Amino acid sequence: MADKKTVTPEEKKLVAEKHVDELVQKALVALEEMRKLDQEQVDYIVAKASVAALDAHGELALHAFEETGRGVFEDKATKNLFACEHVVNNMRHTKTVGVIEEDDVTGLTLIAEPVGVVCGITPTTNPTSTAIFKSLISLKTRNPIVFAFHPSAQESSAHAARIVRDAAIAAGAPENCVQWITQPSMEATSALMNHEGVATILATGGNAMVKAAYSCGKPALGVGAGNVPAYVEKSANIRQAAHDIVMSKSFDNGMVCASEQAVIIDKEIYDEFVAEFKSYHTYFVNKKEKALLEEFCFGVKANSKNCAGAKLNADIVGKPATWIAEQAGFTVPEGTNILAAECKEVGENEPLTREKLSPVIAVLKSESREDGITKARQMVEFNGLGHSAAIHTADEELTKEFGKAVKAIRVICNSPSTFGGIGDVYNAFLPSLTLGCGSYGRNSVGDNVSAINLLNIKKVGRRRNNMQWMKLPSKTYFERDSIQYLQKCRDVERVMIVTDHAMVELGFLDRIIEQLDLRRNKVVYQIFADVEPDPDITTVNRGTEIMRAFKPDTIIALGGGSPMDAAKVMWLFYEQPEVDFRDLVQKFMDIRKRAFKFPLLGKKTKFIAIPTTSGTGSEVTPFAVISDKANNRKYPIADYSLTPTVAIVDPALVLTVPGFVAADTGMDVLTHATEAYVSQMASDYTDGLALQAIKLVFENLESSVKNADFHSREKMHNASTIAGMAFANAFLGISHSMAHKIGAQFHTIHGRTNAILLPYVIRYNGTRPAKTATWPKYNYYRADEKYQDIARMLGLPASTPEEGVESYAKAVYELGERIGIQMNFRDQGIDEKEWKEHSRKLAFLAYEDQCSPANPRLPMVDHMQEIIEDAYYGYKERPGRRK
């Protein structure tokens, strides 16, 4: 008789790979067929398949019990019921086909697609229920599944899969929607997991199998081992806790991975709990029996030299307590449900504190709450990271403390952990037989695995404009002598006036105090008159300290931009002392989504802004510019919480402003209005304000500077506030970005700096760019057209956008010259060499400035450096090139 041919490992591997490839190719065909199913068809298939499995739940449980020789028939039947009933009920109304969600407000549409062919790995512990579960969630998501069953449960697992498959096909599913490897082997399982046609791996099994799944270079939904503690704290319902733990631990002879592996009992209730535990046929082993149990279960004894090398004896998994005791070498009463072993600590020295997957449980005494939590934490971290932990207590706060302490995804409160872990019976966890352990357990999923995990959710995002706004002071008073409002303002008793020395010397401070003294109630006031031009953060801090000591209910900021800006930040520091200045100055793309959220102001004080120059518009804006002179930095701070409560725009306060000051501040107004009009955040609400402000400037600034008549001064005062209203909501651009940095370095006058830069910025922004700005509402470049609008309004040549840009830039330059401004930086007393040495740094700093993001074209550092260098000589001598 000829010798039987020996199959080599390589031949065995090739056979396995061929078989697997045939299965996967069939599954790929099924995938295309399943893509054609609609939601109604899918739900019908799942319903029919689940009913078929439900009808055979007892038959399948018996098959699994007989084939594996493990667990409890009745409990396996319950697990099959759970997979058919709870899982399907939970996903009954889940949309898994096509458009599953549509939101007209956000513009998002979600579309569900199958992930592809699923590789399903199942364990010997829950063979039929896991096969049912994975088949049903795959069908629900239109994914064909190919199983690699555990060899010791091959037939019962295939039996379960066959019932689901046949029912699904009868209901309209494609022929190969559910398949399995018929000749199980490690080679076949490896080939399936690594097959390029497999999209994802759904693995339930031992750590080695899960690790292998994650090593395949494709998405894997693998779950880790558990080592679940149950901490019974002294306030717990002892009868309930003992009942739950016994029921949970004995369920299917402890084979559910979420079952308790140790019970930790507070010393105050230890004896009472143990007595209750014993009443449910739990047998506590003695010292000798414990040693025998350790040796049989793990091959080592407690505190022996080789404890670290303990390995679970796979023969005990799912076996009855009586059988385990007998095999270990001792006898227990008939009907014993659980073997309990008292242990002194958690860890390698006590092998019975490891995961056992059998009706064997470690029992530990806790000396305190802290000790109980520590022991529970140690259990989870002893080869059970991320899985589950249970606590029995009446203390809700302790439950939260416990949840924070243990590295477990599932914290199960006052419930049996077997059913608490798999969900939907004792709590609202997702019903599942595959329990993710998150990053703690080196898993990609940190929840109970469900149908959602087998979907690719595509998002269709419709373009939408960001919601914009119009935020201004709640009240703005104007016209001559409108400071009389101070007599009538409500709830004014303690007033801090923030101003500068000029306001004191010119008598403006006295006029404010006079109005306060005319009130019916007596007003106590504190004066801080030390604000300097370009106020420094140290000045702000000094004013804040005085404010904290005085405790005002009203702040009045009197003066130009400097007192108003300083007062705003004092207001912020006074009401919110914990705020860090460094947080305030951070740049943002969208003021509503900034990394640092400004706190709301106005709880302690109201803020009244009274401008005495016509330039900054700070009385109506959410901005403040604060210097850090020690580091030559100037920071524009922006947040709507800084918007004054009330603005009083009284033209009588600007009649004595010197002409050169009116010139500088007037050009600042023009820059505000121009930059707001072309800003990418400009809107219909701000455009009208900006255009009116520009019109008022060109009609009145020259007369305001040269004649100082009431009419022109009033119009310029109004223009300043109107421009402020516009740029408070549309923001500014790079003229201000560069002006802030130049002013900080060379201490130039802010309005004059803007006047010199503005013609350059108009030409720069008016040139169609290569790199455009980013803002949804700004859907195409149009700054050149908006400059053309301005030129037309002013009656300038503007037959084309290019002509309008050039006309307007020239008009701005000529206006500056007419009012006496030397329109270059050379004539501001700045050394040419020093200017050029700093130009690069100033350009970088300007790019970082908060005004840059709203510029209508993306500002490039090289371009701003060129503008800065050209502006030294002035627009007339070196107008710069259009970039």
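Each residue's number is its place along the chain shown, starting with 1.
Cβ from N, Cα, C; glycine included.
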Inset, instruction - Among ASP500, ASP510, ASP684, ASP687, find me the residue Swiss-Prot lists at the same NAD(+) 2 site as ASP534, GLY561, SER562, PRO563, MET564, ASP565, THR612, THR613, VAL625, LYS634, LEU653. - result: ASP500
Inset, instruction - For the Fe cation site that Swiss-Prot lists with ASP668, HIS672, HIS736, give the additional residue from the candidates HIS717, HIS750. - result: HIS750
Legend entry - 457-464, 825-832 - the one Swiss-Prot records as region 'Linker': 457-464
Legend entry - Cβ contacts of HIS750 (Fe cation binding site) (under 8 Å, same chain, 6 or more positions away): ASP534, GLY561, ASP664, ASP668, ALA739, GLY743
Inset, instruction - For the recorded NAD(+) site, enumerate neighbouring residues of the same chain (Cβ within 8 Å of the Cβ centroid of GLY438, SER439, TYR440, GLY441, ARG442, ASN443, site residues themselves excluded), in sequence order. - result: GLY224, LEU385, GLY386, ILE409, GLY436, CYS437, GLY446
Inset, instruction - To the nearest whole angstrom, state the Cα distance for the pair ASP565 (NAD(+) 2 binding site) and HIS736 (Fe cation binding site). - result: 16
Inset, instruction - Looking only at C-alpha atoms, tell me how far ILE121 (NAD(+) 1 binding site) is from ASN443 (NAD(+) binding site), rounded to the nearest Å. - result: 15
Legend entry - Neighbour tally for LYS634 (NAD(+) 2 binding site), based on other Cβ positions within 10 Å of its Cβ: 23
Inset, instruction - May I ask you to report the DSSP-based helix, strand or coil state of THR125 (NAD(+) 1 binding site)? - result: coil
Inset, instruction - Find, among the recorded positions listed as ILE121, CYS257, the one whose Cβ has the highest number of other Cβ atoms within 10 Å in the structure shown. - result: CYS257
